[in-house]
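Student: Okay, handing you the structure first.
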């Protein structure tokens, strides 16, 4: 076996017949597999032991030599080598073909490689290879041309005319002869010469031919190797035959395909020996060619060969292709040992870093560790008896198990793993029962709930793996979400409701205005029923010992509620006392207005004050973020556990439930409906009199019902009691929203038909009153659409993530600073007048490209190459600065990655990003994971043409695939002024007067104009509503224009759905789409004109030409969609495992490509550590010193 860590690159090429013979351990001569009586392999057959090795370890076929002591001996009776049976997985055989056969990949692929080398059409080649026409291989003294095709009739005629002075042949032999005659050097030189003169289609064809011929010339592959003389036979263990229960055999399809080839080959040999007539031999040769085609790629040409039940047989190509192929099924994803899965249930009493593992599962997972410990403690004399003890579940093993699992983290994973928080590490604690216990706060990250979800457990084995799990993957470390840097472990549902209820304030609650001397006194008063959580009371500020209080404040009384006193106990001691849900109170100090002088009339003062809002879900998230910012992970995870306990406890105490009596129907609902109906009647009247169009009528009807619903909603919200359970649930952010409530108590409103068009009949009833049959029927459309959408969306979103990961998987932070001389200028993102993303959000965690000074004071707010944190960003926006130039992945010069400075802060940790971080994959996950939350549909706003803007997931796909958008906008190619707009029966035209030229644009009918006569326009500006085609924008505004456009558009879609994603993730993806350039003129470099190359490759070639004083090449940037960009990557392993496996491998083999294993996928495929994180060469030197036999010492999470 090859040691995977020792080689630098992996190369693929065409195999010569000699090479195939050198791999082989013998020729397969017979189609037999195994003997039906003895069930042993037949000699010289497809499973022959002499060729492929013994079926039993250290035992030859005839049984003369058994046992390991005869290792390496070749039996003199049966010729089988005595060795391990494992060699049957690696030893190959071969079949000597009686006639050459063409390889279908090279003849049938698009473009046909054989056709390009020979400059013949694939149709002509097919006729020759499948014995339909003759081809002239040597015209001799005749008037025929070389490579001319002749039918049987013409052949005979020319034979009579010219005799044997010319040679014409058919079949793969003829093609091989032609391939042998190709003079690569001469052809390449000729083509390069031609390229200077020709244009159009001929040029395109010449470029394609040049590419293939040049590839053959440089790679050392010989074109005639595209025709096979010898066929390799893959090892028998890779095409196994197994006995089923009923004595029948199940076999791999490949054996059937090989059998057909051998049968036909043997028949052809016999026919040739007998000297059979030409027509019979030709037919047999054609059948052999078809058999080999079916073996290599069944179904590529003609009807596929079928097995029993008309099922097409799986050929060698199918073994590689698709989700079930070798690449995706076995190389990129393997099943692993030391794993288990079970249903999850909530574990409310766990710490943040713990999970509950069922006893029997833990015992099975940690079996080897327990066995070792049993022996070392002397409880069992040897491993065998230790195993027996475990299998019999003897009581003494439980103590040992507890000892073994302590400090040994396990990984929990929930499918689908959409982002890296879908796998986290926990310390296991043993629990009874058969369900895994999960901490409630990590559910958000896993998107888990307890309605029957299952999770998988994995055990990290090596000391290094355990250390990484503990230091990097522990749930208590993963507080922030990598996509936006906001806490992902915010409390939800019950926990939110409990804390909301606890911090409520109520007017005239029992015991209002009392003064307590200490917190404990207040709690005792509560327990004895003198006050309630919601009661506003006063307490001397000094007794709280809060370091943020001033001297003067400590002397005063603090007005607060009993519930808030309890809530503040969970916060770190150095925090301000939280009395209102405001950022000022959270970050600065408790506002002064809550402190009263001693001796004030407290009760009266409290009565006069308004009620303060309770703490809702969003504010709790801010609290967590602030704690994290100040104290890092350990303190945050402790605080989270306390917040969780408090929430559960008090939502239980509150006993908030929903009853039908909580839904109060609005008394004046009828009036609103009557008014709306009158409105609608008036509209209909106008329509019937022909004052308005059908469109306008429809829009006005829809609008008047929507207004009625909004009116009912706002009145409902006003009329609701603030202590109504349903209101509390929706207001706190625990569950539900205003719209749900309106449907329960107000009216359901308008529904959409399956087409997406809104039905103008409203549902006037609410769920509380009950729907009529017709209303119920209309409702079903929406419900059904919702479910169908969800199912489709999941698949689409998953596929989007897969493409994103593939295109960015080799983007890793590779160096500290790339020294780029460009940045980009960022401003707040706007859509019309609405702000989509403000400047503050865009600056936090980025590196400044230039120093920023305060416009008035001249103070330096941030210097060049300094990281902008929250405080600096706040200072910049407060100073009224509206644009800043920052470093970005767009302009980073690092090849195959990004540098630390251009990337900025790692959002998942809140610190600088480390070298080795796989930012490409994080970006792909951050964009793909919220994909399921995006809508599928195109919004129909009243069915106005041109207003159907694609949004949601389809829009994201359209952007990342760089497709021509639906409803494309017309854009200006020059700066200038709108001087004319004409509209005639068949077209609308807009004229722009530039400095040196005038351009006229045709505006499609039905699209709305966005410019007026006399208006100044810039290049790249839109004239009509709609989306811009990014490829067109690239030609007009260049690379930076299209980068900014894509970033802005992607952000627009996500932000409109309320999803926040850091700009840097989108930047990393867009950078991957625009990494390639198309060579226009090759100058005197080795680049081929018309070829796509990486920017870094192009720069290198130009540098070399400069050094040698040669002519430089010229190129223009190309925008590729993510699928195309993944397939264009330099690594053929990565591309082949993505899509179009056969095409990628065919191409790579001809070019003799080498894969230098730079990305992650390539290394996973060959079984190396990925070159990211601790797998990078620079971190490889770090070893773990294991003292004695103790496990790796890593700080265990503190209680």
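Numbering starts at 1 and runs along the chain as displayed.
Heads up, the Cβ atoms here are built off N, Cα and C, so glycines get one too.
Okay, these came from Swiss-Prot:
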type    : residues           : note
BINDING : 60, 62, 75, 78     : Zn(2+) 1 binding site
BINDING : 449, 451, 453      : Mg(2+) binding site
BINDING : 818, 892, 899, 902 : Zn(2+) 2 binding site
Student: Nearest of the binding-site residues to residue 75 (Zn(2+) 1 binding site) by CA-CA distance, picking from 451, 453, 818, 902?
Tutor: 453
Student: Can you tell me the CA-to-CA distance separating residue 899 (Zn(2+) 2 binding site) and residue 78 (Zn(2+) 1 binding site), as a whole number of Å?
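Tutor: Given the Cα positions, residue 899 (Zn(2+) 2 binding site) is 63 Å from residue 78 (Zn(2+) 1 binding site).
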Student: Just jot down the residues in the same chain as residue 62 (Zn(2+) 1 binding site), at least 6 apart in sequence, with C-beta under 8 A of its C-beta; none if empty.
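Tutor: Non-local contacts for residue 62 (Zn(2+) 1 binding site): 75, 77, 78, 80.
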Student: Sorry to bug you, but what's the C-alpha spacing from residue 892 (Zn(2+) 2 binding site) to residue 60 (Zn(2+) 1 binding site), rounded to the closest Å?
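Tutor: A Cα-Cα distance of 62 Å.
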Student: Pop the Cα-Cα gap between residue 892 (Zn(2+) 2 binding site) and residue 449 (Mg(2+) binding site) into the table, whole Å please.
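Tutor: Cα to Cα, residue 449 (Mg(2+) binding site) and residue 892 (Zn(2+) 2 binding site) are separated by 42 Å.
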Student: Compute the C-alpha separation of residue 453 (Mg(2+) binding site) from residue 892 (Zn(2+) 2 binding site), stating it in Å without decimals.
Tutor: 43
Student: Could you check which of the binding-site residues (818, 892, 902) sits closest to residue 451 (Mg(2+) binding site), going Cα to Cα?
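Tutor: With Cα distances computed to residue 451 (Mg(2+) binding site), the winner among 818, 892, 902 is 902.
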Student: If you count the C-beta atoms lying within 10 Å of each candidate's C-beta, which of the binding-site residues 60, 818, 892, 899 ends up with the smallest number?
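Tutor: Selected from the binding-site residues 60, 818, 892, 899 on minimum Cβ neighbours within 10 Å: 818.
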Student: Other Cβ atoms within 10 Å is the metric here; tell me which of the binding-site residues 449, 451, 453 scores highest.
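Tutor: Most Cβ neighbours within 10 Å: 453.
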Student: Which of the listed binding-site residues (75, 78, 902) has the least company, meaning the fewest other Cβ atoms within 10 Å of its Cβ?
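Tutor: Per-residue Cβ counts within 10 Å for the binding-site residues 75, 78, 902 bottom out at 78.
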Student: According to DSSP, collapsed to three classes, what secondary structure does residue 899 (Zn(2+) 2 binding site) have?
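Tutor: Assignment for residue 899 (Zn(2+) 2 binding site) reads strand.
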